[in-house]
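Chemist: Could you have a look at this structure, given as structure tokens, before my questions?
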Amino acid sequence: MSKYTEYKRHFKGHRDTVTSVDFGCNMKQIATGSMDSCVMIWNMKPQMRAYRFDGHKDAVISVQFSPSGHLVASASRDKTVRLWVPSMKAESTVFRAHTATVRSVNFSGDGQMLATASDDKTIKVWTVHRQKFLFSLNQHINWVRCVKFSPDDHLIVSSSDDKTIKLWDKNSRECIHSFYEHAGYANYVDFHPSGTCIAAASTDNTVKVWDIRSHKMLQHYQVHSGVVNSLSFHPAGNFLITASSDSTVKILDLVEGKLLYTLHGHQGPVTCVAFSRTGEYFASGGSDEQVMVWKSNFDCSEYSDTVRLQHKTTSSVQAAPSSATAHLPLNSHPSTSDPSEHFNRQDSQTAAHAQSSIRSSRQGRATHSQTYRNPSTSSSSNHQTQGLLQHPPHVPAQSQASDGGVPPSLASTLEHIIGQLDILTQTVSILEQRLTLTEDKLKECLENQMEIGLHLQKREDD
């Protein structure tokens, strides 16, 4: 296991598809919702147990931590929203927010307001304190899938099955503009950290980036072969991760306007994805009931320095193939990135259900794309695709270590120790998860025995 390994760990405890994932502000906790009607709080420290919150009577569609991390909001098919305290006591406040399934919940940046979106075709805004209803936005004519506050809390964006994405002024409560989807509808929408544009994940397998000032489409990515279910901007604004029913998570470089990485981690559709508040990690959830956590090394300074050095000194970098689209910056004219055919050919080499880890490739952020496999299921190989641009030969890890003043033998030994510690940590985590599942089953058995006992006692009394 290399020191550049990106895959961190996975959590398993849900009994159905994971629908939503979010990081707490301090990176100590991850919240997830599931079709199994539960909210779970996972602790990033391996020795800490997960919390399972039962309360909703139907599937949980959306979860989010408050900006302070002291509350978790959950939206459910049971037409309610719950505000949980993410601790062992599982205290929660519940309120009936809509007359139909609640599909999305989002805190304002200051943590004072909560926006909810529903199949009743409305968006509603509430105070977090006492859950007082403030106002509703009513111009959608079909189910509303997603709602988000802008970074400055002045705007609200929503996406609907009516094939529109609407931009609202929070103060006037008027719809400022409607973006139209022609081939499908947007499952998910969010603001860029700058607040100047939005990205939409669509059922037509594409991701679009729109400028909210000029109302023009800036970028159009056709990199997935299935419905795009979710997306998340890196806090720095340079990267976008997307989750799709084609079983992949993809990382898009917004500055270059191209696909950067493809991750094959889930066995089945990937339904949700989110960066941590610092951008150091991201997590994904899927129909395989798993939550996977990854470390994002593609934006570190060392990585950027290597790229700049390559541009200055390397003559072996070849031009992109003629089929590749020119890479335009985010504030330029619309660009379309469609390397999906190339990736589909490479992806066929990878087992359909392989879990994956990614190996950081600091030698080529701006010059190549990669496909990864998880060492937990296939540690013998790391398939690297020929990217949009050729990259220089890989520099051996030992050479890098010796350049930094560390003897190659010591670097190799330290790397081996780190690898063994990672394996040990994962083993402990798996044992913990099995213990949790065993406890749950034991609890069910005891409850069943009590019910049988009561039933028998009732019959005897009769």
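Positions of Cβ are set from backbone N, Cα and C atoms, glycine also.
Under the heading repeat 'WD', TrEMBL lists 11-52, 53-84, 95-136, 137-178, 179-220, 221-262, 263-295. Look at TrEMBL and you will find 312-408 tagged as region 'Disordered'. The compositional bias 'Polar residues' feature in TrEMBL is assigned to 312-325, 346-388.
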Chemist: Using a cut-off of under 8 Å between C-beta atoms, tell me which stretch among 95-136, 221-262, 263-295 contacts the repeat 'WD' (11-52) the most.
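Modeler: By Cβ pairs under 8 Å, 263-295 leads among 95-136, 221-262, 263-295.
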Chemist: Do any residues, 6 or more residues outside the repeat 'WD' (53-84), come within under 8 Å Cβ-to-Cβ of it, and if so which ones?
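Modeler: For the repeat 'WD' (53-84), the nonlocal Cβ contacts are 16, 19-26, 29, 31-41, 90-107, 109-111, 114, 116, 118, 128, 131.
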Chemist: Helix, strand, coil: count each for the residues of the repeat 'WD' (221-262), based on DSSP.
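Modeler: Its residues divide into 0 helix, 23 strand, 19 coil.
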